[in-house]
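A.B. asks: Below is a structure I'd like to ask you about.
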Amino acid sequence: MVNPTVFFDIAVDGEPLGRVSFELFADKVPKTAENFRALSTGEKGFGYKGSCFHRIIPGFMCQGGDFTRHNGTGGKSIYGEKFDDENFILKHTGPGILSMANAGPNTNGSQFFICTVKTEWLDGKHVVFGKVKEGMNIVEAMERFGSRNGKTSKKITIADCGQL
C-alpha cells in the first residue's frame, strides 16, 4: 500500500502563498492518517478547507485544524468528537513532522501541528502521522507571521486542500 499524499494551498490575508504537500503514514497509524486525509478532502461534509492556522510559534510549530471555532478550542474527527491515541511509534524527529494536537491523552480531534524544529519532548504525548513532502519553504514563510505567544499577525488560511 502506498501512503496517501494530501495538499494544502495556503493563503495570507486571502493572497496565495503556496502549496504544502504531506505524506500520511497510513502504514504506521492508519486511523490517524485516514482522519487527516478525509478532513483534507472534505468527503464527510466537513473539514479543513477555509480554516486557519490559529497558532504559529516561530522556531517551534504551526498549528491549525480547528474548523468549528477557529481559535484552538474546537474541531472534530471523522470518528466523532474525539478519538484515542493510536500509537507513539513515530517520533518528532525534526522540521516538517505532522502531529496531532490534543488536550491530554486520547483527545484527538482535527487539530494538528507542523513542526519547524525537532520537538522530542512531545514524543509519547502527541501522535505523529505524517511529514511535509514538498513546500517546507511555505511552512517557513508561514512561521514569519507567528509570534512568541502564537498569535498571528495576518490570517493564515487553508484556501484549498485535497488528496493528490
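Backbone N, Cα and C atoms are what each Cβ position is placed from, and that goes for glycine too.
When I checked Swiss-Prot for this same protein, it listed these features:
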type     : residues : note
MOD_RES  : Met1     : N-acetylmethionine
MOD_RES  : Val2     : N-acetylvaline
DOMAIN   : 7-163    : domain 'PPIase cyclophilin-type'
MOD_RES  : Lys28    : N6-acetyllysine
CROSSLNK : Lys28    : SUMO2 cross-link
CROSSLNK : Lys28    : ubiquitin cross-link
MOD_RES  : Lys44    : N6-acetyllysine
MOD_RES  : Lys76    : N6-acetyllysine
MOD_RES  : Ser77    : phosphoserine
MOD_RES  : Lys82    : N6-acetyllysine
CROSSLNK : Lys82    : SUMO2 cross-link
MOD_RES  : Thr93    : phosphothreonine
CARBOHYD : Asn108   : N-linked glycosylation site
MOD_RES  : Lys125   : N6-acetyllysine
MOD_RES  : Lys131   : N6-acetyllysine
MOD_RES  : Lys133   : N6-acetyllysine
A.B. asks: Which residues of the same chain, at least 6 positions away in sequence, have a Cβ lying under 8 Å from the Cβ of Ser77 (phosphoserine)?
C.D. replies: Asn35, Leu39, Phe83, Asn108, Gly109, Ser110
A.B. asks: In sequence order, which same-chain residues at least six apart have a C-beta under 8 angstroms from Val2 (N-acetylvaline)?
C.D. replies: none
A.B. asks: Show me the subset of Met1, Lys28, Lys44, Lys131, Lys133 whose Cα is within 10 Å of Lys76 (N6-acetyllysine); these are the modified residues I mean.
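C.D. replies: Checking each Cα against Lys76 (N6-acetyllysine), there are no hits.
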A.B. asks: To the nearest whole angstrom, state the Cα distance for the pair Lys131 (N6-acetyllysine) and Lys28 (N6-acetyllysine).
C.D. replies: 13
A.B. asks: If you count CB neighbours within 10 Å, which one among the modified residues Lys28, Lys44, Lys76, Lys131, Lys133 has the smallest count?
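C.D. replies: Looking at the modified residues Lys28, Lys44, Lys76, Lys131, Lys133, the Cβ with the fewest others within 10 Å is that of Lys44.
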A.B. asks: In the predicted model, what is the mean pLDDT computed over the domain 'PPIase cyclophilin-type' (7-163)?
C.D. replies: 99
A.B. asks: How many other Cβ atoms are found within 10 Å of the Cβ atom of Lys82 (N6-acetyllysine), counting all protein chains shown?
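C.D. replies: For Lys82 (N6-acetyllysine), the 10 Å Cβ neighbour count is 15.
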A.B. asks: Do you know offhand how many angstrom separate Lys82 (N6-acetyllysine) and Lys28 (N6-acetyllysine) by C-alpha?
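C.D. replies: Rounded to a whole number, the Cα-Cα distance is 20 Å.
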